[in-house]
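Asks: Okay, here's the structure, questions in a sec.
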Amino acid sequence: MVNLGFVIAEFNRDLTYMMEKLAEEHAQFLGANVVCKVMVPGSFDMPLAIKTLLKKDNIDAVVTIGCVIEGDTEHDEIVVQNAARKIADLSLEFEKPVALGISGPGMTRMQAEDRIDYGKSAVEAAVKMVKRINDIKNSN
C-alpha cells in the first residue's frame with residue numbers, strides 16, 4: 001500500500017475542500033492510504049510542509065492541493081511558478097514523488113471550479129510514481 005501525505009492550501013478553501021475530497025476518494029479507490037494532512041495558508045507556503053512530510057519514513061509521496069485564481073496583477077503566476085519549482089526540487093532532493101495538484105495560474109473562478117479534479121490527478125500521479133520508482137529500484 002502506498003502511504004500519502006497531503007498538503008492543502010487554505011486559500012480558496014471552498015475549492016480546495018472539493019479538490020481534497022475528490023483526492024481522498026481517489027486514493028481510497030487506488031488502495032492508497034492518506035496518513036497525514038497538513039493545512040497551509042496558501043500554495044506559496046507549501047514547500048516547508050512538504051519537506052517535513054518527506055522526512056517521515058511512513059510517507060511514500062506527497063500530494064499538493066491548491067487553487068490560485070488570477071487577480072489584477074501577476075501575483076498568481078509568481079506564486080505558482082515558485083511553488084512548482086520548489087516542489088520539483090524537493091521531490092528530487094528526497095527521492096520521493098511530490099505530485100502537483102495546484103490549479104492555476106491565469107484562471108478565473110469559473111475555470112477553477114471546472115478544475116477541481118486536479119487533486120484527483122495528483123493522487124493518480126503520486127501512486128503511479130511510487131510504484132514505478134519501486135519497480136526501478138527492484139529491477140536488475
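Using the three backbone atoms N, Cα and C, a Cβ is placed for every residue, glycine included.
What Swiss-Prot lists as active site, proton donor is His75, and the listing cites sequence analysis. Swiss-Prot lists Phe11, Ser43, Phe44, Asp45, Cys67, Val68, Ile69, Leu100 with the feature 5-amino-6-(D-ribitylamino)uracil binding site. Under the heading (2S)-2-hydroxy-3-oxobutyl phosphate binding site, Swiss-Prot lists Asp72, Thr73, Arg115.
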Asks: Where does Phe11 (5-amino-6-(D-ribitylamino)uracil binding site) sit in the DSSP three-state scheme?
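Replies: Reduced to three states, the DSSP call for Phe11 (5-amino-6-(D-ribitylamino)uracil binding site) is coil.
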Asks: With DSSP assignments reduced to helix, strand and coil, which class does Cys67 (5-amino-6-(D-ribitylamino)uracil binding site) get?
Replies: strand
Asks: If the 5-amino-6-(D-ribitylamino)uracil binders are Phe11, Ser43, Phe44, Asp45, Cys67, Val68, Ile69, Leu100 per the record, what's the largest distance between their Cα atoms, in Å?
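Replies: The 5-amino-6-(D-ribitylamino)uracil-binding residues span at most 16 Å between Cα atoms.
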Asks: Highest Cβ count within 10 Å among the recorded positions His75, Arg115: which residue is it?
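Replies: Neighbour-count leader: Arg115.
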Asks: Nearest to Asp45 (5-amino-6-(D-ribitylamino)uracil binding site) in three-dimensional space, by Cα, is which of the recorded positions Asp72, Thr73, His75, Arg115?
Replies: His75
Asks: Please identify which of Ser43, Thr73 has the densest Cβ environment, defined as other Cβ atoms within 10 Å, among these binding-site residues.
Replies: Ser43
Asks: Count the other Cβ atoms sitting within 10 Å of the Cβ of Leu100 (5-amino-6-(D-ribitylamino)uracil binding site), across every protein chain shown.
Replies: 21
